[in-house]
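Q: Below are the structure tokens for one structure; questions will follow.
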Amino acid sequence: MIGSLSAGLCHSVPSFLYRVSLMMKPQVVFVLGGPGAGKGTQCSKIVENYNYTHLSAGDLLRAERAREGSEDGQLIANYIKEGKIVPVEITINLLKRAMEETMQKDEKKFRFLIDGFPRNEDNLQGWKKVMEGKADIKFVLFFDCSNEVCINRCLERGKSSGRTDDNRESLEKRIQTYLQSTRPIIELYEKEGKVRTIDASRSVDEVFAEVKAILEKEG
């Protein structure tokens with residue numbers, strides 16, 4: 001009897017551990033800042049040095065648009081073509097799927113940097129509606145940089161990036177959108193004590209030294 005009981009326990013332990021790993025919620029850091037603040041560069045350095053997976057909402061939308069057999073691909077293409085913001089449910093479901101797939105492949109990969117999201121109130125409300133209780137927002141990494149520094153960096157980047165929106169006219173519009181839509185989201189999280197602000201006007205290495213200090217303090 002004892003033998004069969006212990007054998008039963010042995011069988012149940014791995015499945016119990018598997019269930020615990022499935023219950024592990026993604027630990028999310030939102031990465032925000034104006035165009036040219038260096039979000040992408042710093043995310044790459046974090047991924048190289050820490051056990052984080054970098055997810056860019058824009059990259060996921062572009063990949064879904066190009067994916068053969070995608071139900072939303074044509075819809076995404078139409079929105080992007082018309083310069084409209086893609087419905088928030090699509091963006092969030094792509095982020096959710098990317099996190100789930102990453103965690104299924106490797107259960108140790110449950111830390112995520114979500115770059116350039118939430119960009120506005122609609123994004124934030126959509127996230128709360130879909131992801132409330134399913135993911136933990138650890139904090140917001142805010143790369144703070146003056147508009148002029150951001151514009152100059154993007155103009156420099158535009159010489160080699162091939163990005164059509166790296167020109168002064170587009171940049172000034174993007175910065176206005178950022179100030180009107182994204183800054184209020186950062187201020188909301190500031191009230192909750194969740195924002196870690198970094199002076200992003202310095203060199204890449206100086207900025208990363210501060211990022212490292214924050215990540216090591218936050219654990």
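The backbone N, Cα and C atoms fix where each Cβ goes, glycine too.
Automatic, uncurated: that is what TrEMBL annotation is.
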Q: If you look at how TrEMBL annotates this chain, which of 56-86, 118-148 comes out as region 'NMPbind'?
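A: Going through 56-86, 118-148 one by one, TrEMBL gives region 'NMPbind' for 56-86.
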Q: What counts of helix, strand and coil residues does DSSP assign across the region 'NMPbind' (56-86)?
A: 19 helix, 1 strand, 11 coil
Q: Among Gly36, Ala37, Lys39, Gly40, Asn123, these being the binding-site residues, pick the one whose CA is nearest to that of Arg163 (ribonucleoside 5'-phosphate binding site).
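A: Checking each of Gly36, Ala37, Lys39, Gly40, Asn123 against Arg163 (ribonucleoside 5'-phosphate binding site), the shortest Cα distance is to Gly36.
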Q: Between the binding-site residues Arg62, Ile85, Gly116, Pro118, which lies closest to Arg202 (ATP binding site), Cα to Cα?
A: Gly116
Q: If one looks at the chain holding Arg157 (ATP binding site), which residues at least 6 apart in sequence have a CB under 8 angstroms from its CB?
A: Gly36, Arg163, Asp166
Q: Closest to Gly38 (ATP binding site): which of the binding-site residues Arg62, Ile85, Gly116, Pro118, Asn123, going by Cα position?
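A: Checking each of Arg62, Ile85, Gly116, Pro118, Asn123 against Gly38 (ATP binding site), the shortest Cα distance is to Gly116.
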